[in-house]
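Colleague: The structure's right below; bear with me while I get my questions together.
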Amino acid sequence: MKRVLLLLNAALLAVGNCGGPLIMRLYFLHGGNRVWLSSWLETGGWPINFVPLLLTYLRRRTAHGPAARLILLKPPVFLAAAVIGLLTGFDDYLYAYGVARLPISTSALIIASQLGFTALFAYLLVRQKFTSYSINAVFLLTIGAAVLAMHTSGDRPKGESNKEYYLGFFMTLGAAVLYGFVLPLVELTYKKAKQAITYTLVLEIQLVMCFFATVVCTIGMVVNNDFKAIPREAKEFGLGETKYYVVLVCSAIIWQCFFLGAIGVIFSASSLLSAIIIAVLLPVTEVLAVIFYKEKFKAEKGVSLVLSLWGFVSYFYGELKHNNKKSKTQTTETEMPQIITTP
């Protein structure tokens, strides 16, 4: 069951990780300019979680009758999820600002550096064990992002100043650092929770996290007068008013897939694997950005991409080798004859 959940959540993460940046960029390319609104859409789809939660409750109700608990979340875990949600809200803004200013291919490569930050915080918070292969993967991905940073001005969108471009670059890097901290923090919450961590509980944690992240973004929208600007922006949207609202709704749904998939992978495996999957999907996002948005793919991006792919291969080869060694050790221990001693 845990493997099935891992595959399911990895699929959700893939949809969100590749589709989220593309549809967010679509909003900005056709006349949208509300960063707080884009941030809000990243977690604003949190009510979707009520559907699977209702189904799991009905299943518990069938099995246990009226004694079945409606909510499994206990106060300490709720508080932890709320704090993580607040951090996620600020991370949403940093990321949305970066996507508004940078081409998707560039922002995706910068986000790849998140793996290095996740590895660092995973070591500090949950004592994640590393092999030479995983260390090599983190190193290569970090270097890949650094290579990209050396020659960034060449892909600056038309009409955008150097100040705006570099601010977008560093805001995206800040988003990578912050989310690299959030992922291990979720894993730490699972480990420290004084209750059984089930997938239903994971869904409840996801709901609380996204709710508080949305609260942060809602405050930002109110201060920035985004709610008043939405009707006007819809009328001026390049693809038409109807498609404007379609883009917003689809964005909220796709981003919810991302967050649900990310914490689901942490539940089924680890925060490091969640970050690895996010990074592994980088080439897919790169190719889609070049195909759909005709973005330039210059030499420094090619070097960064090669280093990233090298890092991915290194990590997965190390995991495969480790698992094979572990399997052989367990088989040997099982086949060893037991010596029965008599007094």
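Note: Cβ is positioned from N, Cα and C throughout, glycine not excepted.
In case it's useful when we look at the structure, here is the feature table from TrEMBL:
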TRANSMEM  35-58  transmembrane segment
TRANSMEM  70-90  transmembrane segment
TRANSMEM  102-126  transmembrane segment
TRANSMEM  133-153  transmembrane segment
TRANSMEM  165-186  transmembrane segment
TRANSMEM  198-224  transmembrane segment
TRANSMEM  244-267  transmembrane segment
TRANSMEM  272-293  transmembrane segment
TRANSMEM  299-318  transmembrane segment
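What's the neighbourhood like for each of these?
Modeller: Residues of the same chain lying 6 or more positions beyond the ends of the transmembrane segment (35-58) and with a Cβ under 8 Å from any Cβ of it are 20, 24, 27-28, 68, 70, 85, 88-89, 92-93, 95-97, 99-100, 199-200, 203-204, 206-207, 209-211, 213-214, 217-218, 220-221, 223-224, 226, 230, 248, 251-253, 255-256, 258-260.
Long-range Cβ contacts of the transmembrane segment (102-126) within its own chain (Cβ-Cβ under 8 Å, at least 6 residues beyond either end) map to 21-22, 25, 95, 134, 137-139, 141-142, 144-146, 148-149, 152, 155, 157, 165, 168-169, 172-173, 175-177, 179-181, 183-185, 187-188, 191, 270-272, 274-276, 278-279, 282, 285-286, 288-290, 293, 295-297, 301, 304-305, 308, 311.
Among residues of the same chain six or more beyond the transmembrane segment (244-267), those with a C-beta under 8 A of the stretch's C-beta atoms are 5-6, 8-17, 19-20, 23-24, 26-27, 32, 37-38, 41-46, 48-49, 88, 183, 186-187, 190, 197, 199, 202-203, 205-206, 209-210, 233-234, 237, 273-274, 277-278.
Within the same chain, residues 10, 13-14, 17-18, 21-22, 25, 29, 103-105, 108-109, 111-112, 114-115, 118-119, 122, 128, 134, 137, 141, 180, 183, 262-263, 265-266, 301, 305, 308-309, 311-312, 315 sit at least 6 positions outside the transmembrane segment (272-293) and bring their C-beta atoms closer than 8 Å to a C-beta of that stretch.
Counting residues 6+ beyond its ends, the transmembrane segment (299-318) has Cβ neighbours under 8 Å at 105-106, 109, 112, 115, 131-134, 136-141, 143-145, 147-148, 150-151, 154-155, 276, 279-280, 282-283, 286 in the same chain.
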Colleague: What residues in the same chain, six or more past the boundaries of the transmembrane segment (70-90), come closer than 8 Å to it by Cβ-Cβ distance?
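Modeller: Same-chain residues near the transmembrane segment (70-90) but 6 or more away: 39, 43, 57, 178-179, 181-182, 185-186, 189, 192-195, 198, 200-201, 204-205, 208-217, 259.
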